[in-house]
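Peer 1: One structure, pasted below without further comment.
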Amino acid sequence: MRMHLHLTLVALGAAYVCANAVESTMNRLVAETLTLLSSHRTLLIGDGNLMIPTPQHTNHQLCIEEVFQGIDTLKNQTAQGDAVKKIFQNLSLIKEYIDLQKRKCGGERWRVKQFLDYLQVFLGVINTEWTMES
């Protein structure tokens, strides 16, 4: 029993370290992509005539699909040189990460009490982290 508990704790620790490593890698990837976007903005703008549907909503979490559709449009209309190739590679990796995270949304059935606990946390996030529009 003691050995089982020890192995469980080791496994949980390993999972925590792995999750932190992925988050840290993603943070670096996003930071690098922001730097690249800033550096190559003029190249991406081109002649300035490309029109890309852009969400008006300030809660970016709600507009992920639209943002990535815009990225695809930009990618298809931008000359593919080494400078922008890395940007679109990074954006593709970020999308893959988000898609993996979205798969966690389809959870198991919980009792009402557990669902209400989750709902309270969810509403707390909306209340504190989302910009409310009127």
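Backbone N, Cα and C atoms are what each Cβ position is placed from, and that goes for glycine too.
Take a look at what Swiss-Prot says about it:
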- Asn76: N-linked glycosylation site (CARBOHYD)
- Asn90: N-linked glycosylation site (CARBOHYD)
- 1-21: signal peptide (SIGNAL)
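Map the listed features onto the structure and describe their local environment.
Peer 2: In this view, Asn76 (N-linked glycosylation site) is surrounded by 9 other Cβ atoms within 10 Å of its Cβ, with every protein chain counted.
Just so you know, the Cβ of Asn90 (N-linked glycosylation site) picks up 17 other Cβ atoms within 10 Å once every protein chain is counted.
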Peer 1: If one measures from the C-alpha of Asn90 (N-linked glycosylation site) to the C-alpha of Asn76 (N-linked glycosylation site), what distance in angstrom results, rounded to a whole number?
Peer 2: 16
